[in-house]
Amino acid sequence: PVLGPQPSASNSEGDILFLLDSSGSVSYYEFSRVKEFMWDLVQPFAFGPKDVQTSIIHISTMPTMEFPFDRYLSSGTLQQAIRDTRQLMGDTNTGKALSYAKELFFSDEAGARPEVPKVLVWVTDGFSTDDISEPMQLLKDMGVTVFIVSTGRGNYLELSAAASQPPEKHLHFVDVDDLPIITKELRDAILDVIRANRLHAGDITSSSFRLMWPKLLSQETGYYTLEYAPIDDLARKRTKQVSGAHTSLTLSNLAPETTYEVVLIPESNVHYFSPQTTRVTTLADEISPAQVLISESGPHSFHVSWAPMLDSVISYQILYGPLPGNSVKLLEVDGKHNSTVVENLAPNTTYLVTVTAVYNSGKEKSLSAKACTQEEGSKVRHLRFEDMGPNALKASWDSADGKVLGYRVRCRRQTGPSSVISVSPQIHSVLLTDLASGTTNKVCVKPMYKNQPGKGLCRMVYMQPATEAQGYKHRQRP
């Protein structure tokens, strides 16, 4: 469900190139669903010469550029351009398209920019008529981050080698109807890439925000100077300094509904680094609640929480009722609390929840969110493992009840990065790799439904050290 305002994807700079399978092996329906997915993926970004630019290459008999990076620099024009994109048919010559992509990514004529992160998103049905390994490796060697979304079965080993590492973060297998399941996860991963070299802000309230920036210095090589002031009164500039070990700082005691200009100056005794700037606008003072979050949903209840909390709020009123319908119930919560549990609900039902803050001044501010109760028995059963080598396991499970749109498999490694794999509802197993011997890893499988995730099942898996007999052990989470 959409829960309150979505996080901004501004303060991001990068060139995003979509490699779109436009060949005859893709149906018209699949092609249209992929176009919707592309737009949903980039819709929150800010577009422009100092922000995000995007382009599309068709995979066909010969690669074709739909439009250059610098043609559509507003949300509306880009959305229309993606809608107007027409399928070319022809052969699936992905290798040729990748070679063309390499030229495009670093071409002034195509509107590409030097010194900004490059991201390739290849949406494929898992089939190619020519070799992709060499041109894909050349792209990655030149610093391009490659994400692959396979809407067909595909060759896992080939695609995992083609995607940037680790494949758990950069490779998704999902049916074309289930692409929305991975949209946010993939967008966040792209944001990690294109925000890596930019000063940006988060955790914004009416009186504070947190600044984050890339690691440019160390404790030994210098320090950072931060200058900030309201853009309409730059004479009120304030300055803070932090050591080179820092990559974030929270600024507080700020004015509400005010846009601040912030400058980060890396002071290094080894290299020169250009200052970085950003603009951040604080929230209005009486804006609570700015976010409404639904969590811990079951067949007959869910947890509602909201933020931020303000001293000026006397109480909160929580109105909830099923959709569609006009029956509404009311809960009242003291102003010192920011959460409550709504109970005695019908299973597999969508509710509209409205949280209203009642202020000392008599004002009332409201924000609504949709909440969905789970289907009865909507959980994964019988998670089991099969040894596939010294550092790999096959995780398998029995299907969950109800209309499952897919499954999400999360692996938290004792050593190494965590990973998330999304699979279609027909698939009930995945291959987990890069599991170090002698480590205990946590594997969770969760069914995904139209309105929300179901209940997941988790197991701890122990990988035998290489000196011991190969095999595995797993135990249920206590």
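Every residue, even glycine, has its Cβ placed from backbone N, Cα and C.
The following features are taken from TrEMBL:
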type	residues	note
DOMAIN	15-194	domain 'VWFA'
DOMAIN	195-287	domain 'Fibronectin type-III'
DOMAIN	288-376	domain 'Fibronectin type-III'
DOMAIN	379-471	domain 'Fibronectin type-III'
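Mapped onto DSSP helix, strand and coil, the domain 'Fibronectin type-III' (195-287) counts 3 helix, 42 strand, 48 coil. Mapped onto DSSP classes, the domain 'Fibronectin type-III' (379-471) shows 0 helix, 48 strand, 45 coil.
For the domain 'Fibronectin type-III' (288-376), the number of residues in each DSSP class (helix H, G, I; strand E, B; coil) is 0 helix, 50 strand, 39 coil.
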